[in-house]
Each structure stands twice: as structure tokens, then as C-alpha cells.
Amino acid sequence: MTGSTVKMGEYSAEQIRNGATPVPFDISLQNCVRVTNIETKLVSTKVGTENGQLLGNTLTGNDAAKGVGVLIEGLATSKNPLMTLKPNDSNSVYKDYDPRGKDDTTGGVYPDQDTGITYPLHFQATLQQDGTIPIEAGEFKATSTFQVTYP
């Protein structure tokens, strides 16, 4: 999957300081066959200036927002509590589990699925202030890559 966009909406500086509303989003793994353990890491070329847990604004110039970043969290699963995915941190691994994979006896595919199942991974993105940097209104764009493995 490439090119997916999470629309964050518009917020005032006060709303961000007081806790912006998280925006839920999913990454759907398709045609999963006998997948039991799923691990996800987050990689980004731009992180927060003071808070390295945030995805930083890739836009520059007078119209770019300043002092904000996006926090990415994996929602709670049977293998993980709600957790922050820290960009570029090899120890920050969001784990999920598909219990159908381990004991599947359907010859490699799940019942009524000729090519496997679609399995969603659930996340949320939240705009947050980047440390103590003053928030300045403007356009914001953050990019990242989710590295998904099935160990």
C-alpha cells in the first residue's frame, strides 16, 4: 500500500495545546495466509525538533505551520497496549496478532477466502505541540513509512 493520506483537519493553537482529537486510521493487510505475528515500525525523514516521537512538518517557508507534529499510536491489541510508535526507533515495535493463522487447517487459506484474509491494523494520529516551541498557524504535511513484517 502506498500513498495513503490521513486528513488531520484544522485546529487552533489552543486546541492543539489542550489536546487535539486523535484521528483513527487503518492499514489493511491483504491476502494474509497463516500470518500470526505482525510487527510494525515507523520510519520518517522528518521528526519533531524537541519531541522526536512526533512526525515533523515537511513543509517550509512562510506558510508552513511551526511548533507542531503528529503523534502516531497503535491501538490496543491482544499483544500490545495503546502505544506510541516512535519514528526511526528500532525498539519501538507495535505488535498485533491474528489468532486464526496459527491453527488454520484449511490448506493454507481461511474458510471462504480463496487467497487469504484482509487484516486491519488500527492506529491513530494526533497533532501535538513540539515541546516548548511556540505554535504558529500554517500548512502542515508529515510523511512516514510503516514497515510491516510477519516474523
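Glycine is treated like the rest: Cβ placed from N, Cα and C.
Annotations in TrEMBL come from automatic prediction, not curation.
Residues annotated as domain 'Fimbrial-type adhesion' in TrEMBL: 4-150. Residues belonging to the domain 'Fimbrial-type adhesion' (4-150) score a mean pLDDT of 87 in the model.
As annotated by TrEMBL, region 'Disordered' applies to 83-109.
Residues or ranges marked as compositional bias 'Polar residues' in TrEMBL: 83-93. Packing against the compositional bias 'Polar residues' (83-93) from elsewhere in the chain are residues 39-44, 47, 52-55, 71-74, 123, 144: each is 6 or more residues past its ends and has a CB under 8 Å from a CB in it.
If you look up TrEMBL, you'll see 95-105 marked as compositional bias 'Basic and acidic residues'.
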May I have the DSSP-based helix, strand and coil counts for the residues of the domain 'Fimbrial-type adhesion' (4-150)?
11 helix, 57 strand, 79 coil
